[in-house]
Amino acid sequence: MACRSGCCCGSGPINEDNARFLLLALFIIFYLLCGAAVFSALEQPKEREAKERWTQRFEHFSQSYNLSKKDLNNFLRNYEEANVAGIRVDTVRPRWDFTGAFYFVGTVVSTIGFGMTTPATIGGKVFLMFYGLLGCAATILFFNLFLERVITVIAVVLKSCHERRHNKAMRPPNGQRVSRGNRAGGAGGSGGGKKQDLAGWKPSVYCVMLILGGAAILVSCCASLMYSAAEGWGYLDSLYFCFVAFSTIGFGDMVSSQRVVYEGHATAAYRLGNFFFILTGVCCIYSLFNVISIVIKQVLNWLLRSLEAPCRCCFPSRGDHPHRRPRRNVVAPGHLRARRDPSIETDAINESETDTGRRMSGEMISMRDFLAANKVNLAIMQKQLSEMAIGHPRQSSSSSRQNGFSGGVGALGIMNNRLAETSVDR
């Protein structure tokens, strides 16, 4: 299905990137259909019950107060208009004072968009379009830079642990102490191998995903405790709100920090804690989503490799073909993955790796294939624009190519470049 140079048994050549894109599109469509079926089965009975209950209450109210249904519907429409403007039955904080407006612009630039506050004037709507364009772009850049620093810290910690395990493995058995002569004699042989092993090591993408997932869960659990105490929500409802807010879905059915005063709680401290948890949670979930997308692409590459197996008309034998490129960017099966540790890297290949194959640190997604498929080297363009903005050119990062990393675009490129720097600096 996804032969690199085409297949004589199919309708025509299919590029691997296009095949991956189509496979991902089919997966998303199937995922949407499954989600719609599940939510329809769970929520539709509740919707019917609420609709029947409202019909009964509407009839009872109109008969009790001798009101026509038309007049009552007009009154309810007026209330809906007031509700859009921020008017509620219960007393809530002002929507358009400075603190309320600051909360609103925070939901705009973070792309959460709860929907409980929206501009009603023409000037406000026009200003929002220009304000959100710059604000959302700047916030996405902030999330990318946050991801860069998180990956740096995780890479340094994981590499320190790897160095400790490596040093323990290099110790002589039975606790024997090595003499100075032997230590000096072995420094030339083992030292070079040790440095080479540590230089070729990259953090496992699964370790990074688990650490980011644990951080997101910890932030959500702590924030849920605060919301349960301050807002009076159940703990599960608070967890639901945390995921909706931190993932920037922002339904608006539950919104925090909307009361004027929180009795028994320091209102200013709660509003500050709400801002801190939302900011931290959004950054953690954004970083986690980027790492999960890497794993999803690994799975897609593995599926493409599985789909190519039945196509033997081009290469009938299972042996290596002289014109067949070695497969990269795949999740190897269990019996082949025993000695591999998948890491966050791209497909930049140097001369030393073309003969001996890729390092045993595993294989990851390819920004190189993406750039080649689109015939535009976005990474070089991004580097040139960055140099022009700074005012002086950067030195070429030859070490990144030696370590199997390549400069990418966006969050994936940030992770690749930062991991390459940490593997060289330490």
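Note that the numbers count up from 1, one per residue, in the order the chain is shown.
Glycine residues also receive a Cβ, built from the backbone N, Cα and C atoms like all the rest.
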Of the residue ranges 101-122, 365-386, the one that TrEMBL records as transmembrane segment: 101-122
Feature contact check the transmembrane segment (204-227) with the transmembrane segment (101-122), CB under 8 Å, 3 or more pairs: no
Cβ-based contact of the transmembrane segment (128-158) with the transmembrane segment (272-296), 3 or more pairs under 8 Å: yes
